[in-house]
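Down below is the structure, laid out as structure tokens.
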Amino acid sequence: MASISDSETTNHGSIWDLDQNLDQPMDEEASRLKNMYTEKKFSSILLLRLAFQSLGVVFGDLGTSPLYVFYNIFPHGVDEDEDVIGALSLIIYTITLIPLMKYVFVVLRANDNGQGGTFALYSLLCRHAKVSTIPNQHKTDEELTTYSRQTYEENSLAAKVKRWLEGRPYKKNCLLILVLIGTCTAIGDGILTPAISVLSASGGIRVQNQKMSTDVVVVVAVIILIGLFSMQHYGTDKVGWLFAPIVLLWFILIGTIGALNIHKYNNSVLKAYNPVYIYRYFRRGKSESWTSLGGIMLSITGTEALYADLCHFPVFAIQIAFTLVVFPCLLLAYTGQAAYIISNKDHVVDAFYRSIPDTIYWPVFIIATLAAIVASQATISATYSIIKQALALGCFPRVSVVHTSKKFLGQIYIPDINWVLMILCIAVTAGFKNQSQIGNAYGTAVVIVMLVTTFLMVPIMLLVWKSHWILVVIFIVLSLMVELPYFTACINKVDQGGWVPLVVAIAFFIIMYVWHFCTVKRYEFEMHSKVSMAWILGLGPSLGLVRVPGIGFVYTELASGVPHIFSHFITNLPAIHSVVVFVCVKYLPVYTVPVEERFIVKRIGPKNFHMFRCVARYGYKDIHKRDDDFEKMLLDRLLLFVRLESMMDDYSDSEDFTMMEEKTQGSSNALLLTGKAGSNTMCSTGDLSYSSQDSIVPAKSPLRGNSLTRYSNQTFGDELEFLNRCKDAGVVHILGNTIVHARPDSGIIKKVAVNYVFAFLRKICRENSVIFNVPHESLLNVGQIYYI
């Protein structure tokens, strides 16, 4: 923090006689907070415990793949032993290259403070380059403890890539489209994973009774699915502790059964670990072998969910769980099934259940069903998380998000999405009735998400990791060498069920892109039509109206400037409240904004205008809880700002102040007051410091209790009493109801998208008043129409 001369110190009053320890810089502390996720150290015992817990959250989907893989590879039966060995060799090296090498040891490192998935990658890119299509960020946002970013040398490759991405708007749109494609396809996984996992597990009841109809299996699967989706609103907080033991027991069982089958039936399958059998497999039957890649692809389903469900587990804990438990057990399971199939070629349809020893058949069936439910639950939860992230970044209509746990931030439930997923999942299960067509659909969805992740990793490696371009080329070449063949094989099965995820993805893509397009256009309208301060000042303190007692919260999407809706309001009504606060709620490309750093308050115009701005900042994982009193939080921050501003009046030569609440030691609140002169005034509850830097600098405050109260009481002004009287008079929330229409000369596609699709989505989505728990009797809507 810059030093102040003696003369300057004397001019600013006796408060500068306080001990110089009150003015210590917080750079080291801020740096520690910003990197608290990456710097966490875990003991060996804690790491093993977290690795155990990650089994139930991260690996359920990947672990249930042995239930249906070989049937989808050979839906018409097996002719030669070499075919089984070749397919097994492909499975072994696919699992090794994609889940193990690519995801566990590379992609998992690209997490956003413990958050994974497509939108987490996008948020990382938005922080390191100006690629967000809604430019509502401010330099103060970069001072958040959760807002980490890299700096680049002028002529470095990362700087060139950054400038290239920021160069043209179409590049930002292409990046957004790529992210939406991956997101929408991942939502398709939330439909297909429960369908194929539960249906495959339920098929075990038919193995012991071959006369049983397939319809009975389908009915059992549908009943399980209905129960699973119906229980979502309770959350997994109370039963989540069971997930890890179930999945661990499942892996131990499939690994043990696989080892027994290798010993019992045919240990010659071990030669599949020689990759030369992959070449022989394709040489023997070119077209059939290529088509079977769609089935082999199912052996790595759940890999993308592994990344999306990272859920704050340390990367090292997931690496331990995968390398010590998941990877060897999966290899044993597939190798054992291959050994059984070679000896029983007519049992390929139910190879997993038929290879189970009779003495433990029903216990394994129960564990398999429970493991399928756990896998489905993990995918459903990941889908909720994806929708929440899309909603926060302006890419999805406002839907109800319910927080189901008081302990864990990420456990949420979205009722509307839950019932849509249930209906689609039941439709897929009852419509196809067999694993083969569902497997074709599943493989298509998985490979598209993997390709999107591969492409997004390129700018991540260049901008965030600052990797050498040769390493980036090696990564993308090796990834595409494996994924592109699988992609072509899955696309060839579009007519055999592969169309399902494409239709689902297209439907969600239309919803998300149209909503985002209209949201951006509405924000641009607000920006271009905002009212100049000269016009506001020309109206005088009364704003040309009668100022009635009370506080009016005017909600706007602008983080700076006076919104057009305010001029629309005061030109159509004869009165305005004595205190006007412009409230902007915006989401930042960070996973969370600490509560103590959430609000920024600023005065607009002279004091006698009684106008303020409050910006409430949220991350894409933050949730507006029902028990949060948003109105009370706004009033508390406003009163706190005025209190500290009154404390500054005696020694500050500045007339324009901003305030940001910071968390300091001892649960005291620090507030930043920024003056016109270019120097920052930091005032915490009890100390004062100056900085010549144009940034937010936290300050420590050792003052406590009575000393703070005495000082504050001496500096309370009339405005604080005035605000309290206005607060008692009543609070009104003024919300803009901007209706967007396409211009009459627009094309038919634009008219349909804006006038019908967006209008319908806006009609069925939740209002901001509901999200922020605004009382209906305190609500005032001001409408306006905007043509795009």
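Each residue, glycine too, has its Cβ placed from N, Cα and C.
The domain 'K+ potassium transporter integral membrane' feature in TrEMBL is assigned to 50-536.
According to TrEMBL, the feature domain 'K+ potassium transporter C-terminal' maps to 549-788.
Per TrEMBL, the feature transmembrane segment maps to 42-64 (among others).
For 84-105 (among others), the entry in TrEMBL reads transmembrane segment.
Per TrEMBL, transmembrane segment is recorded for 173-192 (among others).
The feature transmembrane segment is assigned by TrEMBL to 212-229 (among others).
Nonlocal intrachain contacts for the transmembrane segment (315-340), taken as residues 6+ away from its ends with a CB within less than 8 angstroms of a stretch CB, comprise 42, 47-48, 50-52, 54-55, 58-59, 62-63, 65-66, 69-70, 84-85, 87-88, 91-92, 95, 99-100, 104-105, 108-109, 111, 248, 251-252, 254-262, 264-267, 269-270, 272, 299, 306, 347, 351-352, 354-355. As annotated by TrEMBL, transmembrane segment applies to 315-340 (among others).
Same-chain residues lying 6+ beyond the ends of the transmembrane segment (360-387) with a Cβ under 8 Å from its Cβ atoms: 56-58, 60-61, 63-64, 67, 117-119, 183, 186-187, 189-190, 193-194, 197-198, 200-202, 204-205, 208, 224-225, 228-229, 232, 236, 243, 246-247, 249-250, 253, 257, 302, 305, 308-309, 353, 396, 399, 410-414, 417-418, 421, 621. Feature annotation from TrEMBL assigns transmembrane segment to 360-387 (among others).
Residues or ranges marked as transmembrane segment by TrEMBL: 408-430 (among others).
Cβ atoms under 8 Å from those of the transmembrane segment (442-462) belong to residues 72, 98, 106-107, 110, 118, 121-122, 124-125, 129, 157-158, 161, 165, 178-179, 181-182, 185-186, 188-189, 192-193, 196, 294-295, 297-298, 300-301, 303-304, 307, 469, 471-472, 475-476, 479-480, 483-484, 486-487, 489-491, 493-494, 498, 500-502, 505 of the same chain, restricted to positions at least 6 beyond its ends. As annotated by TrEMBL, transmembrane segment applies to 442-462 (among others).
If you look up TrEMBL, you'll see 469-487 (among others) marked as transmembrane segment.
Feature annotation from TrEMBL assigns transmembrane segment to 499-520 (among others).
Among the features that TrEMBL reports, transmembrane segment is placed at 532-555 (among others).
Annotation source TrEMBL lists transmembrane segment at 575-593 (among others).
The transmembrane segment (499-520) makes contact with the transmembrane segment (173-192): 3 or more of their CB pairs lie within 8 A, with pairs spaced 6 or more apart in sequence. Remark: the transmembrane segment (469-487) makes no contact with the transmembrane segment (212-229), by the rule of 3 or more CB pairs under 8 A.
For the transmembrane segment (532-555), the neighbouring stretch richest in Cβ pairs under 8 Å, chosen from 84-105, 173-192, 408-430, 575-593, is 575-593.
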